[in-house]
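Noted in TrEMBL for the protein shown:
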type	residues	note
TRANSMEM	B:12-39	transmembrane segment
TRANSMEM	B:59-83	transmembrane segment
TRANSMEM	B:95-112	transmembrane segment
TRANSMEM	B:118-139	transmembrane segment
TRANSMEM	B:148-166	transmembrane segment
TRANSMEM	B:200-218	transmembrane segment
TRANSMEM	B:247-265	transmembrane segment
TRANSMEM	B:277-293	transmembrane segment
TRANSMEM	B:300-323	transmembrane segment
TRANSMEM	B:329-350	transmembrane segment
Amino acid sequence: MKKFTKTILGAAAFSLLAGSAMAADAKACFIYVGPIGDFGWSYQHHQGLLAVEEAYGDKVETAYLESVPEGADAERAIERFARSGCNIIFTTSFGYMDPTNKVAAKFPDVKFEHATGYKRESENVATYSSKFYQGRYIQGQIAAKMSEKGVAGYIASFPIPEVVRGINSFMLGAQSINPDFKVKVVWANTWFDPGKEADAAKSLIDQGVDILTQHTDSTAPMQVAEERGIKAFGQASDMIEFGKKTQLTAIIDDWAPYYVERVGAVLDGTWESHDVWHGLAEGNVAMAEYSNMPDDVAAMAKETEEKIKSGELEPFTGPIKKQDGSDWLAEGEKADNGTMLGMNFYVEGVDDKLPQ
Amino acid sequence: MIRIELEKRAQHSAIFSLTSPLIALVITAVLGAIMFLMLGKSPTAALYSYFIEPLTEMWSIHELMIKAAPLILIATGLSVCFLSNNWNIGAEGQFILGGIFGSALPIMYPEFTGPMVLPLMLLMGIVGGAAYATIPAFLKARFSTNEILSSLMLVYVAQLFLDWLVRGPWRNPEGYNFPESRTFHADAVLPEIWFASGRAHWGFVFAILIAVLMWFVLNKTLKGFEVRVLGLSPRAGRFAGFSSNKMIFTAFIIAGGLAGLAGISEVSGAIGQLRPVISPGYGFTAIIVAFLGRLNPLGIIAAGLILALSYLGGEAAQISIGVSNKVSAVFQGLLLFSVLACDTLIHYSIKVVKSARGKAAL
């Protein structure tokens, strides 16, 4: 019976103005670039959606679209949400930036939140991201301690600033322990493709790396590392279930607090556009349990984590040279936000040529 | 030993032939309803969101046109190829090259504005796609290279070329190094057909006009006859004085040119800039559209619209009844399967053959 009324209601909702028949106070909608079952990036965003449901119960209705390609399809998906009564729409991939802004201009009453972008062309668009690179610095330090060969493999997705920043931060962390540490990079050119990611992992291991880290979203590299008996870092989500003897730690993207806060702001009418870039200190980035390593390494990692949280340590602090040997940051100098957001060069020591 | 064979029917029913797409639709609806019931979803709500919901609102009809336009344009071109026995699988690459060639103007000369920009872009898009398609055509005509392989592999070349362009020389100078070109200025954007009611652009109008024109050419002119004859029997064609080699070029250039036009229309009308990926696989989906439309441009218009509807319906179903996008994809598969099964069974009958052991080995 309940299902039947729901059907009738559903049909009625579309014959009336969409959304007006909803009982909830607000509707929060999410667009994901991958499947929610990727156990990485999109999975974590979906955890945020679940947290919103838990926090507000019947007061907030939710909806999501998964595996939405970046491009012309994204604009339609966002517009569909805007028209179907969503009050706030989270678009959770960089490639949704222009579509989000285009649709936002047409629907001034709907709030838009775009992850990892920089364009806020109208007042109803906010942007948010996290300082994942802070976690990468800790990973770099662990890698330098744990690697016997002094070489780590890095499975990267696309050469956009966020990914380059992660590689550099990892490198700087590793160099702080072992100045001769090497990082080999493979570009998978995908966010989610277990087959390609596994191939990348295998080829890196065959090239002699004994630590693996990834900036792609599937658990495939972790599983390959487990099979081959080397250590690895999880990405976006705690992947310990996929590498019980393998995972050293993982950078966990915890979007839940932010999503709960922003949906709450819509409910009580205090929502405003902003640009936030939170990190370990605010809890938007968290480290999974330090496992499969000696106690002293775990202790060092924890200490670094605390230092980054308190602001005592900022990974991008000079002296830092660029890959070509030219000076970038002088002693004690910190990178400015503009350079950070548009980073398109490697620091010294990365064993790769940045695709340009 | 029992085998199942398809046997060509001596004659097929004209009524079934005509109504086959409808029968397929009904079968899809029934199979879909069973699937949704098993998932615990209301079948009526699911079918409503698939087939009706996208058509209830004007903006959504616009979206349907946006999605269908490239499919129809590309499939129309492919029909010429397939009818003439040229297996061009590389429309995706020709689409991309059309997008790149056409975009060269607004990206490299952003200061050049005016009413001439758009026609030039469209022309360059056509030239780009057609030129790219002449590569497999030349290889086939000159060296008898298998065009399925060469055209398919050129898709990957095109994708990587576009990827390199937007990360390298054509990267937006004001774009924080993100991999995308500058956005096109107003004169380089294909205008909307009917402003304010949705964002469908003139690409759809091109698609319909060209499909109708192509139908006329294929069915009412000597050239169309030539395409068919060379496709059915190259030998007979040669006796009639038609050149196979010329036809290879003609077919590939038409298919490539139309794919290129689709590409620049999509980039200019729907996206507004070049990105690392500009097509969600239109060039491949169009192959399905071409066959669903039975290689008849008018049929292709219908097939393109139906396939576009199934995409939009899939999204609507995800939102309004909360099924995953995998279920949407399965449903789309059901639709294609039913259409092809109906078409096949009208022309062929299933025969169970019981054969002796010795014979089975043959």
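Numbers run from 1 along the shown chain.
Cβ atoms here come from the backbone N, Cα and C positions, even for glycine.
What you are looking at is a predicted structure, and each value in this text was computed from that prediction instead of being measured.
Highest Cβ pair count under 8 Å relative to the transmembrane segment (B:329-350), across stretches B:12-39, B:148-166, B:200-218, B:277-293: B:12-39.
Note on the transmembrane segment (B:12-39): residues 46-47, 50, 302, 321, 323, 327, 330-331, 334-335, 338-339, 341-343, 346-347 of its chain, located 6 or more positions outside it, place their CB under 8 angstroms from a CB of the stretch. By the Cβ criterion (under 8 Å, sequence separation of 6 or more), the transmembrane segment (B:200-218) is in contact with the transmembrane segment (B:247-265), since 3+ such pairs are found. Listed as Cβ neighbours of the transmembrane segment (B:247-265) (distance under 8 Å, sequence separation of 6 or more from its ends, same chain) are residues 69-70, 73-74, 76-78, 80-81, 84, 86, 88, 91-92, 94-103, 121-122, 124-134, 136-138, 140-141, 147, 190, 201-203, 206-207, 210, 226-227, 230, 237, 278-279, 282-283, 286.
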